[in-house]
Amino acid sequence: MAEIQESIEQQYYWGVPDSPIDWCENNYEISPFICEFYNTFSSFIISFFALYGIYLLTSISMSRDEYTTQHIKIVKQVGIRAKVLLSYSSLAVVGVGSAFYHATLLYKNQLFDEFPMIVTASLFIYCLLTMEPVSKSDSKYYQIFRWLLPYALVTYFLIVSTTIFIIRNVPTILQVSFGVLIVSNVIISTLHVRGLNQDYSVSNQKKLLTYCTVSMLIAYFSWLAERKLCNEYGYVIPGLQLHAVWHALTGLAGFYWVQFYICSILEKNQYKTNIIWNWGVASINGYFKSS
């Protein structure tokens with residue numbers, strides 16, 4: 001029996017997968033060192049979009065042109081640079097954690113994937129709900145809400161992460177808890193843009209939120225199709241791993257959402273904004289105050 005167990009373990013470079021979820025891609029089919037090859041490397045696309053977002057707000061990108069330099073200075077002036085960099089950094093960790101997870105399919109690395117997902121989604125909610133500064137004229141209840149908000153989000157994360165850690169064979173826990181944050185984000189973001197007195201054609205906020213929503217919807221349906229339609233050959237569509245599509249498009253959606261947040265803050269502070277495109281990816285640029 002021991003010899004049989006040892007023989008089984010030798011088939012897996014990182015050890016026998018103990019994650020409760022085995023994704024559609026066949027294990028160790030491409031490389032003897034990587035459990036799910038395409039799912040692993042597509043995870044880094046999430047980190048790529050996050051690092052690109054960070055790059056757009058660093059001194060390295062300031063050398064491109066004077067408009068980029070002005071944009072970075074404006075983001076600092078309105079006081080959201082730290083929030084943006086933290087959000088993108090958290091998103092980058094999601095990509096790394098996802099890569100570790102899919103490379104091994106070990107439960108400990110699954111947590112490295114799932115915990116940053118909850119943290120990142122919580123950060124997005126926090127950014128969205130703190131767009132307006134608290135003033136003495138605000139109601140007492142709103143001031144209490146703003147004071148409790150970070151504690152509530154941290155408590156939510158602790159409850160979800162503890163539950164996932166203890167009850168390890170119920171992936172629905174993560175799916176529901178993450179879904180609650182995403183749906184909440186979508187609802188609040190949608191309510192925000194509905195309050196704008198602008199047509200879609202001239203509203204950069206609406207455009208960026210649309211790009212984010214479309215990316216996330218395609219990602220979700222790719223994820224769902226793979227879960228429901230996977231065959232014994234390890235794919236739904238020959239030559240394409242739909243979970244890899246999920247990775248790429250959720251990374252893009254996260255990037256676009258933070259760009260939407262930046263655009264919202266800049267326009268709230270009466271700055272003009274412009275959408276610029278690089279290699280098919282849109283980003284926002286703030287350049288001067290409107291008169």
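The backbone N, Cα and C atoms fix where each Cβ goes, glycine too.
Heads up, TrEMBL stuff is auto-annotated, nobody curated it.
Among the features that TrEMBL reports, Ca(2+) binding site is placed at ASP22, TRP23, GLU25, ASN27, GLU36. Sequence-distant neighbours of ASP22 (Ca(2+) binding site): residues of the same chain at least 6 apart with a C-beta under 8 Å from its C-beta are LEU105.
Sequence annotations record features per position, and here TrEMBL assigns Zn(2+) binding site to HIS102, HIS243, HIS247. Neighbour count (other Cβ atoms within 10 Å of the Cβ, all protein chains): 25 for HIS243 (Zn(2+) binding site).
What TrEMBL records for 41-63 (among others) is transmembrane segment.
Per TrEMBL, transmembrane segment is recorded for 84-103 (among others).
Residues annotated as transmembrane segment in TrEMBL: 115-135 (among others).
Among the features that TrEMBL reports, transmembrane segment is placed at 147-167 (among others). A Cβ distance under 8 Å defines the sequence-distant neighbours of the transmembrane segment (147-167), meaning residues of its chain 6+ beyond its ends; these are 111, 114-115, 118-119, 122, 125-126, 129-130, 173-174, 177.
According to TrEMBL, the feature transmembrane segment maps to 173-196 (among others).
The list of residues near the transmembrane segment (208-225) in space but at least 6 beyond its ends in sequence, with Cβ under 8 angstroms from a Cβ of it, reads 182, 186, 189-190, 193, 200, 236, 242-243, 245-246, 248-250, 252-253, 256-257, 259-260, 263, 275, 282, 284. Under the heading transmembrane segment, TrEMBL lists 208-225 (among others).
The annotation transmembrane segment is assigned in TrEMBL to 245-266 (among others).
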Fill in the blank from the handout: Best-packed against the transmembrane segment (245-266), counting Cβ pairs under 8 Å over 41-63, 84-103, 115-135, 173-196, is stretch 41-63
Practice task
Would you mind listing the long-range same-chain contacts of the transmembrane segment (115-135), meaning Cβ under 8 Å and 6+ residues beyond its ends?
Solution key: 80, 83, 86-87, 90-91, 93-94, 97, 142-143, 146, 149-150, 153-154, 156-157, 160-161, 164, 174, 177-178, 181-182, 184-185, 188-189, 192, 254, 257-258, 261, 264-265, 268
Practice task
Write out the long-range same-chain contacts of HIS247 (Zn(2+) binding site), meaning residues 6 or more apart in sequence whose Cβ is under 8 Å from its Cβ.
Solution key: ASN39, SER42, SER43, ILE45, ILE46, GLY95, SER98
Handout entry: Same-chain residue ranges lying at least 6 outside the transmembrane segment (84-103) that approach it to Cβ under 8 Å
Key = 14, 19, 23, 34-36, 39-41, 43-51, 53-54, 57, 75, 109-110, 112-117, 119-120, 123-124, 127, 247, 251, 254-255, 258, 261-262
Practice task
Around the recorded Zn(2+) site, report the further residues of that chain (criterion: Cβ within 8 Å of the mean position of the Cβ atoms of HIS102, HIS243, HIS247; site residues excluded), sequence-ordered.
Solution key: TRP23, GLU25, GLU36, TYR38, ASN39, THR40, SER42, SER43, SER98, GLN241, ALA244, TRP246
Problem - Between HIS243 (Zn(2+) binding site) and TRP23 (Ca(2+) binding site), the C-alpha gap once rounded to whole angstrom - result: 8
